[in-house]
Amino acid sequence: MSVPPGSIIVSDWHRCPDSREFFSKILHKKRRRKFGLLEAPMMPPQMNVDLVRYKVFLSGKTGVGKSALAARLAGLDLPKMHYETTGIETTVVFWPVRLKESGRVLFFRFELWDCGESAMRRFDHMLLSCKEKVDAILFLFSFTDRGSFDDLTNQISRITEPSDRVVKLVVGTKFDLFMHTDVTESDVTHFQEVWGLPVFRVGGDVSAGLGEVAPLLNALAENLWHQDCMAASSVSISPQAALRETSSEIIV
């Protein structure tokens, strides 16, 4: 089960005045900065901020909008035309959050992995590479493609095991094209009741800024942090030491 929104981090913190100096590090002229695989936001030396890294795999049928979602979450220009990803593409997304209990600020670094469906069918190692040391999986479907929604259960069963320690969230794309929807709200509600997974909705061609991506990025951050804290407590590590030994660093 997922963590209730706002139970661990401050919801809508991106709207609060005290978040501006942190969000300014991922913005340039009111647009999101583009970060390469080896880049990170620059912070003043006196402001020690913990950076936590996570690998996130985007799963879904061809045409549901995996590449578009990655671009949207990173604040990049959305693809003007559809093309199938020929191999594996990675996109880096930085997102600051404030923990409710301690007031501590964390910078999350999400490395989004997107692989074309045809490539995964042709080369078995593609899926294995995407799943290797993965922390979270976003299962995508399109509101305009009933088949992609019906395929969700197959995706989840094929890609994950009940014993996997991985955060699972579902994203419905092209939600703004309601005139052409093939998936009803009752369908979504029934799916959530059966699988216990939250479903997030994103639009099609137009990006609406931080407010549009905040619910999904906050949910990713909240569930991943909770997962790590639970894992740490199971081996008697204090929550303050829950920063991942192999993937945490201080931004300077």
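A Cβ is built for glycine as well, from the same backbone N, Cα and C atoms used for every other residue.
Keep in mind the model is a prediction, meaning the values are calculated, not measured.
Summarising the annotation, Swiss-Prot assigns GTP binding site to THR62, GLY63, VAL64, GLY65, LYS66, SER67, THR173, LYS174, PHE175, ASP176. Sequence annotations record features per position, and here Swiss-Prot assigns region 'Small GTPase-like' to 46-252.
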Candidates THR62, THR173: member of the binding-site residues with the richest Cβ shell (10 Å): THR173
Where LYS66 (GTP binding site) sits in the secondary structure, as DSSP reduces it to three classes: helix
Count of other CB atoms lying within 10 Å of the CB belonging to PHE175 (GTP binding site): 18
C-beta crowding around LYS66 (GTP binding site), within 10 angstroms: 27
Where THR173 (GTP binding site) sits in the secondary structure, as DSSP reduces it to three classes: strand
Cβ neighbour count within 10 Å of VAL64 (GTP binding site): 27
GTP binding residues THR62, GLY63, VAL64, GLY65, LYS66, SER67, THR173, LYS174, PHE175, ASP176: largest Cα-Cα distance, in Å and rounded to whole number: 19
